[in-house]
């Protein structure tokens, strides 16, 4: 199977996993990116079986609405049973790097609200140590240079992602050359830098379940 077929397989597996737990009042948290898009497409076939969704980005909200799935603001929702999203990297503890699509802050907020965070990815995303994929950091624009200097002190090589503004109006620094042995600790250190909104490490709140698309089918890993 090619990469898109693997993504379709894990997206369908996620729908199959959550459907038995949904009812007419259920609201599903939905992530951002190519794998999440496959999940939206698969979920849309069952839109009569749940109430609606909370989107982690404007792009996701647009795709959900195009499928006729109601989109709710998170502030109007008391709880989310599930949040389903992809990842740029995952280790075996289901600590993740996310944010390749620049939606990391809203993704992290929705994940924090959800009872169960299901990550869907193809097998290439599972790594022994995080950091080969550059770590995205969302930054208040005026703090870009200050934050970059602090990230260098932490051992990284930050690169400004030109031409990209997040849905929150901020910029992204992609931090290269990090070997992330202690994801929770590094997540906290980067978030403590003045001017940082958040970073793409999902370690303090990792995924609960990883559905991994492989040539031999979908494998399930639990935290």
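Here the Cβ of each residue, glycine as well, is placed from N, Cα and C on the backbone.
A quick note: this is a predicted structure, and the numbers were derived from the prediction, not measured.
Matching 125, 153, 189, 219 to the substrate binding residues that Swiss-Prot gives (32, 33, 34, 35, 85, 86, 87, 88, 98, 99, 100, 101) identifies 125. In the shown protein chains, 30 other C-beta atoms lie within 10 A of the C-beta of residue 85 (substrate binding site). Comparing Cβ neighbour counts within 10 Å across the binding-site residues 32, 34, the minimum falls on 34.
With the fewest other C-beta atoms within 10 Å around its C-beta, 125 stands out among the binding-site residues 98, 125. For the recorded positions 100, 107, the greatest number of Cβ atoms within 10 Å around a candidate Cβ is found at 107.
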